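Over in TrEMBL, the protein carries these features:
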- 1-116: domain 'Dihydrodipicolinate reductase N-terminal' (DOMAIN)
- G7, A8, S9, G10, R11, M12, C90, T91, T92, A114, A115, N116, T117: NAD(+) binding site (BINDING)
- R39: NADP(+) binding site (BINDING)
- 120-253: domain 'Dihydrodipicolinate reductase C-terminal' (DOMAIN)
- H146: active site, proton donor/acceptor (ACT_SITE)
- H147, G156, T157: (S)-2,3,4,5-tetrahydrodipicolinate binding site (BINDING)
- K150: active site, proton donor (ACT_SITE)
Amino acid sequence: MRIGVFGASGRMGQAVLRELDDTAGVSAAAALVHAHSSRLGDFATDELQYQTAQDIEPEQVDGLIDFSLPAALSENIATAERLQVPLVVCTTGLNEAQQQQLQQAAQHIPVLYAANTSLGVTLLKELVAIASRALPAADIEIVEAHHSAKRDAPSGTAILLGQAAAQGRQQDHAAVSAGLRAEGIREPGSIGYAAIRAGDIIGEHTVYLVQAGERVELTHRVSNRQVFAAGAVHAVRWLENKQAGFYEMNDVLNLHFALESEGKATDKIG
């Protein structure tokens, strides 16, 4: 499978190119940067030069992975639709309108959105939903830490975990999210976030579920960003030959414990 990588000159883009080189059955077919990039025309690998999305030939790639910036999303979606190939979007910091763009694109091509492509976080998301439902009175707070150059806060992964916590209680995340904590008294039932930006921290997330006399902490730490690249490559391979639609990492790994148990409980009640 031939893969094109948006944001190929960035930290994660480089990691994906390395992963493609080390993984059997796939190859890097396009190292994509924006038209004004200083890297345009340089060699991304021994054999591959940086190029723009406009220069991709129709038969050049079988799938695309996006680790660029939110501002490039519209153009990247248009490229995937033009080529009619699966698209894995790993860019964080997307707004509601951009999320809607992904949903619309999924009517025409297979689209997978993952703020975090690691197996551990995908599992953590399920565990958070289960714990949230099991402890309905617990206060929920999410603390995340990343390197000093990360732009968005809270992180896309932290928001993903908050959405899982809300889902566990059958709540609308937008209605219960308190955003980044500041001054003031905690609103009962809200989900709060705190962000740390320091040094070269790759990524750490802890979900606190706190009630009288006890607390549960669910934590995931990354020691090598290559796990994200491996997850993205695994995801785009999984998308090959899939029907048009919107997918998540839970689908790739077939992890739906929280949803399945919720359905079974509903069946028993009914």
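Please read every residue number as a count from 1 along the shown chain.
Yeah, the Cβs are placed from backbone N, Cα and C, and that goes for glycine too.
Computed from a predicted structure; not experimentally measured.
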What number of additional C-beta atoms lies within 10 angstroms of the C-beta atom of C90 (NAD(+) binding site)?
25
Given the (S)-2,3,4,5-tetrahydrodipicolinate site residues H147, G156, T157, which other residues of that chain have a Cβ within 8 Å of the mean position of their Cβ atoms, reported in sequence order?
T92, A115, N116, E144, H146, K150, D152, S155, A158, G203
Compute the C-alpha separation of S9 (NAD(+) binding site) from G156 ((S)-2,3,4,5-tetrahydrodipicolinate binding site), stating it in Å without decimals.
21
Whose Cβ, among the recorded positions R11, K150, has more other Cβ atoms within 10 Å than any of the rest?
K150
Here's one to test understanding: among the binding-site residues G7, T92, T157, whose C-alpha is closest in space to the C-alpha of the residue listed as 'NADP(+) binding site'?
G7
Which whole-number value in Å describes the distance between the Cα atoms of C90 (NAD(+) binding site) and G156 ((S)-2,3,4,5-tetrahydrodipicolinate binding site)?
9
Can you tell which of the binding-site residues H147, G156, T157 lies nearest to R11 (NAD(+) binding site) in space, using Cα positions?
H147
Select the closest residue to T157 ((S)-2,3,4,5-tetrahydrodipicolinate binding site) from the following recorded positions, measuring between CA atoms: G7, T92, A115, T117, K150.
A115
Could you tally the C-beta atoms, other than its own, that fall within 10 angstroms of the C-beta of T92 (NAD(+) binding site)?
21
Provide the three-state secondary structure of the residue listed as 'active site, proton donor/acceptor' computed with DSSP.
strand
Tell me the Cβ contacts of G7 (NAD(+) binding site) under 8 Å, same chain only and six or more apart in sequence, or just say none.
G13, L32, V33, D66, F67, S68, L69, A72, T91
Pairwise Cα distance for G156 ((S)-2,3,4,5-tetrahydrodipicolinate binding site)/T117 (NAD(+) binding site) [Å, integer]:
11
